Amino acid sequence: MAAPGGARRQPLLLLLLAGLVYGASAVFFEVKDGNGTTCIMANFSADFLTNYNTQSGSKNSTFKLPPNAEALNSSSCGKENASNPSLIIAFGNGHTLTLNFTRNSTRYSVQMMRFVYNLSDTQIFPNASSQGPKTAESVPDITADINKKYRCVSSNQIHMNNVTVTFIDATIQAYLSNDNFSKEETHCIQDEPSPTMSPTSAHPSSSPPHPSPTSAHPSSSPPHPSPPHPTPPHPSPTPPHPSPSPVPESPSVHKYNVSGTNGTCLLANMGLQLNVTYKKKDDKTVTRVFNINPNNTKVSGSCTTQQVTLELQSETSTFLAFQFGKNASSSRFFLKEIQLNMTLPDAKVPTFQASNSSLRALQATVGNSYKCNAEEHIWVTEAFSVNIFKVWVQAFQVEGDKFGSVEECQLDENNMLIPIAVGGALAGLVLIVLIAYLIGRKRSHAGYQTI
């Protein structure tokens, strides 16, 4: 049962300053059981980026977790405050964000995050082609030691199909031993310093310098120092309406691999497609789609114990890099960063650069592989996103240059339900027809008597 009064905002100076830095105040939530004992506490701000369909094409909607968001009474401490507690947050016109927790003997984590958004909310989703609630789910990398709070000052992006939720300045704790946050804390991987990477390229090639982690469109002015905790780029509230370019055919699926001194550290089968929005020389904003042609691409990369990098350099001066990281505590690998550096001859600024180092995509247990036959769409910045086709990837522990056990994406699992439902319906229909036939046949025989 949620704490009476729902969400409460802590009027602390520190949180106020954090709100000024990030443009949104953290919201406090608390879940209590029937005896008034607290089992979940959370304090964070969150940004939402949702792609939805309209009659004129797809659009992006960005909005924040409002200060009046509240924990619903349907939130639960689970059985005896020990198993499967959940925090259900409601806000706006029918939107909910749910965090379901689980634990073992030493650690607890969010085993599932679910975001339900209501396309009937015309203020957030104007001109949506469909109405009603939509659901997106993901397994986020939110985990901490028992009796410690999860702390993540940096931005933490959770990708869920066409939705990206960004937690900012988050403090979360489940399975509390008292009615307050623990003094001890477990830091998220985003707050940890990046390890120094020593390149051991499998296929050496000359590639241009990597774009700055916070670069977008470079200018002639010197770069400004990054703030201590930068927020990821989001589309502006009134973005320009770019002219779409003809969408090319689906890209070719190619097998990439990266090896280091200890053998193969990355296997990846995938087709790659880039979506780039930029201003032309006549100030007209356009969106162009580029396929990565593996036949005209040089492959290189590097392996360390904490990072695996795949670098692609095309003949058209396009440099694309994927960096994978892993969380030692949860034993999961994930795509953490994408970098792009390319030349656009018709652009007002010909050199296009974009990167994001706080991604959480293509996740699987170390030693297993991640596979998704459905198309994955990953937003990197407001001007750049990547479509990944038929991806099958494994980072770090690759045994015998072969993929390990498969962990399928949520999209594929949902798609499997459709043929199962159709097959079940057809089987039921055949059974009904057969029963009707047998009953009709029995009645027709009953109308005759033996002479």
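Just so it is clear, glycine is given a Cβ too, placed from its N, Cα and C backbone atoms.
Any TrEMBL annotation is an automated prediction that lacks curation.
Annotation source TrEMBL lists signal peptide at 1-26.
Residues or ranges marked as domain 'Lysosome-associated membrane glycoprotein 2-like luminal' by TrEMBL: 29-175 (among others).
For Cys152 (disulfide bond), the same-chain residues 6+ apart in sequence whose C-beta sits under 8 angstroms from its C-beta are Ile142, Phe167, Asp169, Ala170, His187, Cys188, Gln190, Asp191. Positions annotated as disulfide bond by TrEMBL: Cys152-Cys188 (among others).
Under the heading region 'Disordered', TrEMBL lists 185-256.
Here TrEMBL flags 193-205 as compositional bias 'Low complexity'.
Annotated compositional bias 'Pro residues' per TrEMBL: 220-249, in sequence order.
The domain 'Lysosome-associated membrane glycoprotein 2-like luminal' annotation in TrEMBL covers 251-399 (among others).
Residues or ranges marked as disulfide bond by TrEMBL: Cys265-Cys303 (among others).
The feature disulfide bond is assigned by TrEMBL to Cys372-Cys409 (among others). The local packing around Cys409 (disulfide bond), expressed as other Cβ atoms within 10 Å of its Cβ over all shown chains, amounts to 21.
Annotation comment: TrEMBL describes 416-439 as transmembrane segment.
Here TrEMBL flags 418-449 as domain 'Lysosome-associated membrane glycoprotein 2-like transmembrane'.
Residue counts for the domain 'Lysosome-associated membrane glycoprotein 2-like luminal' (29-175) by DSSP state, with H, G and I taken as helix and E and B as strand, are 0 helix, 92 strand, 55 coil. Residue pair Cys303 (disulfide bond) / Cys372 (disulfide bond) shows a Cα separation of 24 Å.
Between the disulfide-bonded residues Cys188, Cys265, Cys303, Cys372, Cys265 has the most other Cβ atoms inside 10 Å of its own Cβ, all protein chains included. Across the fold, the C-alpha of Cys265 (disulfide bond) and the C-alpha of Cys409 (disulfide bond) stand 21 Å from each other.
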